[in-house]
Amino acid sequence: MLEKFSLRKNKKDIGTSDNDHSIDQLDLSSIPHHIAIIMDGNGRWAKKRGLPRMAGHHEGMKVVRKIVKASNEIGVKVLTLYAFSTENWKRPKMEVDYLMKLPEEFLGTFLPELVAENVQVRVMGNKDQLPPHTLRAVNKAIEDTKNNDGMILNFALNYGSRYEIIEGIKQLIKDTNNGKLTIDEITEELFSNYLMSADLSEPDLLIRTSGEIRLSNFMLWQLAYSEFWFTDVLWPDFDKKHLYQAIAEYQRRTRRFGGV
Ligand code: FPP
């Protein structure tokens, strides 16, 4: 541990650290409009420290606050965070219960700051299955921030992309059956309006932490042309310099959307 620390310190001293990213390296005129993040690695972060998994989730919640602030400061317009998937119910009850308490704790602590920062809170997911206490907390945040017109903080909570697509298809079929639209009117753009992200632009940049390189049923339709950035950093260790690093890399890429 000591050795690791001194190695890092030396690297930083000579200015070669990969993580040595600052806001000065960003082109503030081309900040991604919409950033989506799969916040992964809370459990491993805790395990490495001999702590219960919940400690990792709690630390992860604090990082959410820091990244929301940093994103807002540099002009990100939409930040979508994958907080709980439709598959996460399979975890031990104690962990699920804890994860369902986090939105309350987060919003109970930080909602006044989010209001002051003009952030609009939203939730994308099946809210019907959330415990009443979680639902109350998120509904209050949505209500209290609904007139804010700054950054949208979109929590994917009890979200699953396949579920979202199936629900969209069911509604689309209902609308064709009741004559609201004809089959020929169905286009990609129209179908996007049947998704939970209907009025949001598609993510420009997807970040996933913790070294896992997969989508885990997250925004499968919306990420079709997004830039992906993966890092080994565990979510509780993620901070704004990693966010800047991801954006700097995004700004070096050429997006062709299938063209040349
Ligand atoms: C994945 O890590 C993380 C989650 C399933 C939960 C993410 C939740 C937070 C970061 C806090 C949410 C905060 C708010 C405000 C709602 P993991 O548990 O799968 O980690 P592991 O892969 O290392 O086990």
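Quick reminder: no glycine exception, Cβ is built from N, Cα and C everywhere.
TrEMBL: automatically predicted annotations, no manual curation.
According to its DSSP assignment, Asp40 (active site) is coil. Neighbours of Asp40 (active site), defined as other CB atoms within 10 A of its CB across all chains, total 24. The active site annotation in TrEMBL covers Asp40.
Here TrEMBL flags Asn88 as active site, proton acceptor. Counting only same-chain residues six or more apart in sequence, the Cβ atoms lying under 8 angstroms from the Cβ of Asn88 (active site, proton acceptor) belong to Val96, Leu99.
As annotated by TrEMBL, Mg(2+) binding site applies to Asp40, Glu227.
For the recorded site, His57 (substrate binding site), the DSSP three-state label reads helix. For His57 (substrate binding site), applying a Cβ distance below 8 Å and a minimum sequence separation of six or more within one chain yields Asn42, Ala46, Glu95, Tyr98, Leu99, Leu102. The substrate binding site annotation in TrEMBL covers 41-45, Arg53, His57, 85-87, Trp89, Arg91, Arg208, 214-216.
In three-state terms derived from DSSP, Thr86 (substrate binding site) belongs to neither a helical nor a strand segment and is classed as coil. Taking a Cβ distance under 6 Å to any atom of ligand 1 as the criterion, the recorded positions Asp40, Gly41, Gly43, Thr86, Arg208, Leu215 reduce to Asp40, Gly41, Gly43. Arg208 (substrate binding site) is 11 Å away from Glu227 (Mg(2+) binding site) when you measure Cα to Cα. Non-local contacts of Leu215 (substrate binding site) by the CB criterion (under 8 A, 6+ apart in sequence, same chain) comprise Ile38, Ser161, Leu223.
Comparing Cβ neighbour counts within 10 Å across the binding-site residues Trp45, Trp89, the minimum falls on Trp89. Other C-beta atoms found within 10 angstroms of the C-beta of Arg208 (substrate binding site) number 23, with every protein chain shown included.
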